[in-house]
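Feature annotations, reproduced from Swiss-Prot:
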type	residues	note
BINDING	190, 218, 223, 239, 299	S-adenosyl-L-methionine binding site
ACT_SITE	324	active site, nucleophile
ACT_SITE	358	active site, proton acceptor
């Protein structure tokens, strides 16, 4: 695979290899055949980051080859959304001959939605001033004149200039309902929107007969907790990143959901609070003992669950675990399988044409 060529003719083969690999990894814990969810074969990534290379009068996006570290020029990127591809061309055209916008520009980040909105961040090795803002506003207006619904942001050391706003609102059809998700620049969002819809619908399906409340750790902007709220009496969710918590609170209101409570704290701190080890001011007014959480949902970082959180989740009758790294999932399952068994297993082809895969398991207490 090269940045400008996707081997779409190999899509089925690479997906089949992942299915075999996941089954092999899961063999010690389950003999289930994974439910398989396919990605679009192109234009599936909703965000992308590129370094900018200055080559005489020319200017272009580059990425670095992971093996050789050599530069690769990228003028189009079929893995990314069609809107990102349009913006890549338009941004280079708008910046190349503008000394103020071009000088010491070293990176451009793109974030887009299926609802055709975009935030583009320009990163600089220099101070940004009023002249930069004025020129950026001219560029933004020119982009909008091309029917590109875009917001521009300038970033430099200890500086962030928003021309309008630093977020966009995604709208996803999820099991018959439209869900609104505010996505903030420089915060985590699911990279493959089509796959995100399938993950949300799978999570809804595996929890459809749920009783009691749901606890979610690492909730981000509320992606899963808000979609799953319809299957539970109440949802209690934790997240550590301030911008994600603010986005989650907005999303609760935008989706008219009244049974979700978001707490800003790390999973490790929440474990201490649940076990009565420590008290936290942030939990004032929240009666943890009133929650009857029969199900816990975890979507941890690539490193998986730490040992304390492993112990905590084992206390719940049902564990829904979404993993972006099956190796750490399997490491966690060495512990979790002592008390729980795998009831459902899914493979989500979040990252086509790469070694990476995303998977989901539903575990129930033995």
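Here the Cβ of each residue, glycine as well, is placed from N, Cα and C on the backbone.
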Maximum Cα-Cα separation (Å), residues 190, 218, 223, 239, 299 listed as binding S-adenosyl-L-methionine: 15
For residue 218 (S-adenosyl-L-methionine binding site), the three-state class that DSSP assigns: coil
Cβ packing number for residue 239 (S-adenosyl-L-methionine binding site), 10 Å threshold: 26
Most Cβ neighbours inside 10 Å, all chains, among the binding-site residues 190, 223: 223
Rounded Cα-Cα span from the residue listed as 'active site, nucleophile' to residue 218 (S-adenosyl-L-methionine binding site), Å: 13
Residue with minimal Cβ packing [other Cβ atoms within 10 Å] among the active-site residues 324, 358: 324
Near-site residues: S-adenosyl-L-methionine, ref 190, 218, 223, 239, 299, CB cutoff 8 A to centroid: 188, 216, 219, 220, 221, 222, 224, 244
